[in-house]
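So that you can see what the record holds, here are the features copied from TrEMBL:
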BINDING   ASN11, GLU386  Mg(2+) binding site
BINDING   LYS18, HIS210, LEU211, GLY212, ASN213, GLY214, ASP284, MET285, ARG286, GLY332, VAL333, GLY334, GLU335, ASN336  ATP binding site
BINDING   ARG93  substrate binding site
ACT_SITE  ASP150  active site, proton donor/acceptor
SITE      HIS182  site 'Transition state stabilizer'
SITE      ARG243  site 'Transition state stabilizer'
Amino acid sequence: MTSATRVLVLNSGSSSVKYQLLDMRDGSRLAVGLVERIGEGTSRLVHTPAGGERRERSAPMAGHEAALRAVAAELAADGLGLDSPDLAAIGHRVVHGGLRFTAPTVITDEVLAEVERLVPVAPLHNPANIVGIRTARALRPDLPQVAVFDTAFHTTMPEYAARYAIDTETADAHRIRRYGFHGTSHAYVSRETARLLGKDPSEANVIVLHLGNGASASAVAGGRCVDTSMGLTPLEGLVMGTRSGDIDPAVTFHLRRVAGMSVDEVDELLNKRSGLVGLCGDNDMREIRRRIDEGDERARLAFDIYVHRLKKYIGAYYAVLGRVDAVAFTAGVGENAAPVREAAVEGLEQLGLAVDAELNAVRSGEPRLISPADARVAVAVVPTDEELEIAQQTYSLVNN
Ligand code: ADP
């Protein structure tokens, strides 16, 4: 047991660090902030302490160490320094935990080496997470630091959902399988949805639709993930802000052979120039709705393609689960875009799914039901809170 009650959550990207300091007695935020454009000339730090003014600084920060030192200085200025005895642990978001990490894990040299061995399957994400961990450990070598993996919640997927139907030896040699991502959010939202229904998570079957710029769906049976839409990488599944989601893999051969594109160009096309942005030039659902209201056909088609895919996944996961207690919408689009929610369940009355127009129009930061009172299956909006989930998982690990 520790008497310290604070947890610092770090989400380290290749050129950014997002952070939140939480008080675990009530889950409140003591400070939140981010550093952007690390290693790109002038970096920008935005820091907001609870109940205080937002502060913004621009300075060159060559790497994550300089960035984290700057964050530590901001926290110290608010009396929340990293050297405080009240700091119980640092929780790190780590994108890929492979098959080895099925739960949050206290970081040791051995754990870090294992996360490094996963770089070939997560080349875009794990290197930045590793740099963040190394830097934080150098700053506070004595403090417990915990890795919370995006993939962990999905490690309960049965083998028949996790394996691609390709040659087994080739798949195993290169660790090719469906890992899934956004797991921290799917775990949090499925649990909060059960709570909203007044059920224990072990009794609730929930389809979670995490619709942010990245988007994924999951089928959660009694608190355990049984299927999810992202795969080896976050490219598979739903139509996203800039990613295509599901596509015939032969499209990539075609782009190579016929369009003469390199592997990197195809990668960039499917990850950065596809999805909503590829279809209509915008990836912000607000802008797309505005254009639709003005009669823009491309925006309309992009919206329809997005919703069609979503509906297919709702149907697929309904079939996977057999019995569904709730469909939960979360993240930027899921929490805010009422027209997406309405369109996604439209025509699914036979499945017991419907949205009440008035409830759907309510804007709120609270978990809420948007289905009619007599609906067989609940439709819910449940704001995600990945930082709180990371902090709670971190704290419960070091506080045992
Ligand atoms: P990520 O964490 O993946 O970057 P978020 O969960 O923050 O993404 O979601 C960002 C997206 O949410 C935006 O690209 C935009 O499409 C959508 N969004 C945010 N606010 C609204 C809103 N008020 N109405 C419709 N869509 C919104």
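From the backbone N, Cα and C atoms, a Cβ is placed for every residue, glycine too.
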Distance, the residue listed as 'substrate binding site' to ASN213 (ATP binding site) (CA atoms, angstrom): 18
Lowest local Cβ density (other Cβ within 10 Å) among recorded positions: ASP150, GLU335: GLU335
Residue pair HIS182 (site 'Transition state stabilizer'), ARG286 (ATP binding site) - Cα distance, angstrom, rounded: 23
Of ARG93, ASN213, ARG286, binding-site residues neighbouring ligand 1, Cβ under 6 A: ASN213, ARG286
Pairwise CA distance, LYS18 (ATP binding site) versus ARG243 (site 'Transition state stabilizer'), rounded so that it is a whole Å: 23
Densest Cβ neighbourhood among LYS18, ARG93, ARG243 (recorded positions), 10 Å radius: ARG243
Those binding-site residues listed as ASP284, GLU386, and which of them has the most Cβ atoms within 10 Å of its own Cβ: GLU386
Helix, strand or coil at ASP150 (active site, proton donor/acceptor) [DSSP, three-state]: coil
Subset of recorded positions (ASP150, GLU335, GLU386) lying within 10 A of ARG93 (substrate binding site), CA to CA, in sequence order: ASP150, GLU386
Under 8 Å by Cβ from ASN11 (Mg(2+) binding site), same chain, sequence gap 6 or more: VAL17, LYS18, TYR19, HIS92, ARG93, GLY132, GLU387
Other C-beta atoms that fall within 10 angstroms of the C-beta of ASN213 (ATP binding site): 17
Between GLU335 (ATP binding site) and ASP150 (active site, proton donor/acceptor): CA-CA distance (Å): 20
Residue with minimal Cβ packing [other Cβ atoms within 10 Å] among the recorded positions HIS182, ARG286: ARG286
ARG243 (site 'Transition state stabilizer') versus GLU335 (ATP binding site) - Cα distance in angstrom: 20
Rounded Cα separation (Å) that holds between GLU386 (Mg(2+) binding site) and LEU211 (ATP binding site): 14
